[in-house]
Amino acid sequence: NFKLVIVGDGGTGKTTFVKRHLTGEFEKKYEPTIGVEVHPLDFFTNCGKIRFYCWDTAGQEKFGGLRDGYYIHGQCAIIMFDVTARLTYKNVPTWHRDLCRVCENIPIVLCGNKVDVKNRQVKAKQVTFHRKKNLQYYEISAKSNYNFEKPFLYLARKLAGDPNLHFVESPALAPPEVQIDLAAQQQHEAELAQAASQPLPDDDDDAFD
């Protein structure tokens, strides 16, 4: 069992993402003291069952930062931004800093959500923060279930210390609400891979054209 904290600006799709996993949605518990919903998400691996207790902020990040109680004992994290809203990516370093102040040296995945939406404001090649901080990055679409399992698989491998760990069955997910243009998305991911071989920009503020 691992405590997974999910952070990012309001409206980036954190709750939608967590709620895709149906058993977690069915068994969630509300913790009024810190205003969070805790969803137990189960994944079945070749090494047995892994349960992530996903802490979802219940929207209180809209009132400024989150209390330390939200982060304490966090063993892994997902930082989410919305590829259709530039500001949510610009705020990623702040979320990362707040997280690392309380949780040192935990595995973190950066997720760019809503890649099913046509008009991206944050291009794949502009996403460089994960390279500076040595985080894993995935492009996801919560509403279409695209890449849903990837962040969990990465974190499970890190936490288990086993790069060969794999899921032996898919979790029960809510049916997709939207379809994703896979050809266009593969193009974005190719750009991402290409950008990964380029030197990082010098400035801290990620360049937007």
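Just so it is clear, glycine is given a Cβ too, placed from its N, Cα and C backbone atoms.
Taken from Swiss-Prot, the feature domain 'Small GTPase Ran-type' covers 1-162, and the record attributes it to sequence analysis.
Residues annotated as GTP binding site in Swiss-Prot: 9-16, Gly59, 113-116, 141-143. Lys114 (GTP binding site) counts 25 other C-beta atoms within 10 Å of its own C-beta, drawing on all protein chains shown. Look at Lys114 (GTP binding site): DSSP puts it in coil.
The region 'Switch-I' annotation in Swiss-Prot covers 28-36.
Positions annotated as region 'Switch-II' by Swiss-Prot: 59-75.
The region 'Disordered' annotation in Swiss-Prot covers 187-209.
Listed by sequence, the residues of this chain that lie at least six past the ends of the compositional bias 'Low complexity' (187-196) yet keep a Cβ under 8 A from its Cβ atoms are 115, 120, 123-125, 127-128, 131, 137, 139. The compositional bias 'Low complexity' annotation in Swiss-Prot covers 187-196.
It is Gly13 that, of the binding-site residues Gly11, Gly13, has its Cβ surrounded by the most other Cβ atoms within 10 Å. Helix, strand and coil residue tallies for the region 'Switch-I' (28-36), in that order: 0 helix, 4 strand, 5 coil [DSSP].
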